[in-house]
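One structure is given below, encoded as structure tokens.
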Amino acid sequence: MASEPGILTDWPWKPLGSFKYIILAPWITESIYSIIVGDEKGCDVFNLMILPLMLWRMLHSQLWISLSRYRTTKGTNRIVDKGIEFDQVDRERNWDDQILFNAIIFYLGNKYFPGGSHIPIWRTDGVIITLLLHAGPVEFLYYWFHRALHHHYLYSRYHSHHHSSIVTEPSTSVTHPFAEHIVYFALFIIPVSTVVFTGTGSIIAIAGYITYIDLMNNMGHCNFELIPNWVFSIFPPLKYIMYTPSFHSLHHTQFRTNYSLFMPIYDYIYGTMDKSSDTLYKISLQRKEETPNVVHLMHLTTPESIYHLRVGFPYLASKPYSSAWYLWLLWPVTLSFMMLTKIYRRSFVVERNQFHQLRLQTWAIPNFREQYHLKWQKESINNMIEEAVLEAEEKGASVLSLGLMNQGKELNRYGEVYVKKHPQLKVKLVDGSSLAVAVLLNSIPKGTTQVLLRGNLTKVAFAVAFSLCQKGIQVTVLHEDEYEKLDISLGTKSEGKLVISKSYSSCKLWLVGDDLTEEEQRKANKGTLFIPFSQFPLKNLRKDCFYHTTPAMQTPKALENVDSCENWLPRRVMSVWRIAGILHALEGWEEHECGYTISNIDKVWEACLKHGFQPLTVSTQSKT
């Protein structure tokens, strides 16, 4: 929002929220009806093209958003090094409003204005007129309107909303108050309305012009330089008629230079060309791929989780992961991504962060959660993880956090197989179990004397059971096989605190793993606190009980470029399996933490607090 919002700041359909596209229903219905019943005047091609054009514009913009996020994450040709935070994602979430606005105007214009319907597919004279009118009146008028927007009065009421984004994304290009978009549309409609009223218009001229505007807008805000230098070497005058991403990026960092729309010629003419434009362009082109200090490995959970990645849909990624009904409408795209995961069998970068001097990257393995339970997929998955480990080693990373790759001894013995196979590894492998244990122990309310341990017994479960017994807290299990495994592992170290019980109501604090059934959960007493020790969340079935998150902590403000949620966790909350790798690098610990190794719990916990990570709490006040 602008610092002093003026009139017509909000879009008229803002109260409709996610249902805003319903306002197009009358026109879309009418178009479909005209196709079904036919029209004696002939087929209105432009009317039929409005909806496909709108969908194409949305797809075009989304492709630019994903490409921009991927390229700036890798660092290649990145322009501005600063990060993006949640407030920018929230501010730019409605980037499609202008597409909706344009579609409404096109439907109205096609219906009520002479010459607005039944235009041909192609006319050469109309294309030429469109190009000339854009280069002349549109670019000239935009330049001076843009300069006016930077006057204090208009800037504080309107344009400051757009300039709140110092680090730009393609969605930034259309993040303006409604009043600004009215003026922009009035400018961009000059070539379109001219060719329509003069009878020289065509589908190609109109759709092509709109696509050109979207292309240049998205490119100018993508935050990575992609225009090669040889283009300007071959045709030097091009520098006056086509801007570059670095050219417009300077406008967002300097504010008082580079006002032009897409053609810098007017900045040259009126002396507002930033003197560092050429320098920044060359520096950005030469910027190499970023080398991470810490790599965090993750995998996809469900097929639609691809949309929740940072390089997917930004607004979905900025919220805890959940399956939305409307994602089912994208099943053809989802299916295509699933096929690509079978072809592309290696990790790829999805996120970068900065914490003090550490450069952090998150890499995704193109597999889904269910595949990790299939024995015939074991070798393939292990090979991909091993390749990621060796790639991190080659790039000079000091720590690789296994994260969701830590699926247990059945898959890779908690990462131990990679260390044994490559004993000279310099990159330290960290599975995060030690910090997970520390967080779980500190999540248990003071004064607790008994806990119920239920679920798949992992490395973390054994370590927690051992620590609780040492603290004099009784650990209760419900099944004989679980008791036998724990008893063999703990032996006399259980201090007599490990017991077996058939009663689900014996205690009101449950430490739970992956295979807790819904039936068992329903047997818990009212007011029971469930604390997961697994990496995947528990389904919250009971409104009369309390649920803790999976082991995680609140991140310090010093952690930069945080604009997406980690799986199902709240904003700026990070899983301990990811934090553990950061701590390992910060503290300079030289040992691997994988296999059945557990680091000193107190040492890990103290280091975590020292670096600003804070524990999460859950209210356990009685529920009615």
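Each residue, glycine too, has its Cβ placed from N, Cα and C.
As annotated by TrEMBL, domain 'Fatty acid hydroxylase' applies to 135-272. For the domain 'Fatty acid hydroxylase' (135-272), the number of residues in each DSSP class (helix H, G, I; strand E, B; coil) is 96 helix, 1 strand, 41 coil.
If you look up TrEMBL, you'll see 451-615 marked as domain 'Very-long-chain aldehyde decarbonylase CER1-like C-terminal'.
The transmembrane segment annotation in TrEMBL covers 18-38 (among others).
Annotation source TrEMBL lists transmembrane segment at 126-145 (among others).
Residues 8, 45-46, 49, 53, 57, 101-102, 105, 109, 113-116, 119-123, 125-127, 129-131, 133-134, 137-138, 141-142, 145, 176 of the same chain lie 6 or more positions beyond the ends of the transmembrane segment (182-210) yet place their CB under 8 Å from a CB of it. The transmembrane segment annotation in TrEMBL covers 182-210 (among others).
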Local confidence of the domain 'Very-long-chain aldehyde decarbonylase CER1-like C-terminal' (451-615) - pLDDT mean: 92
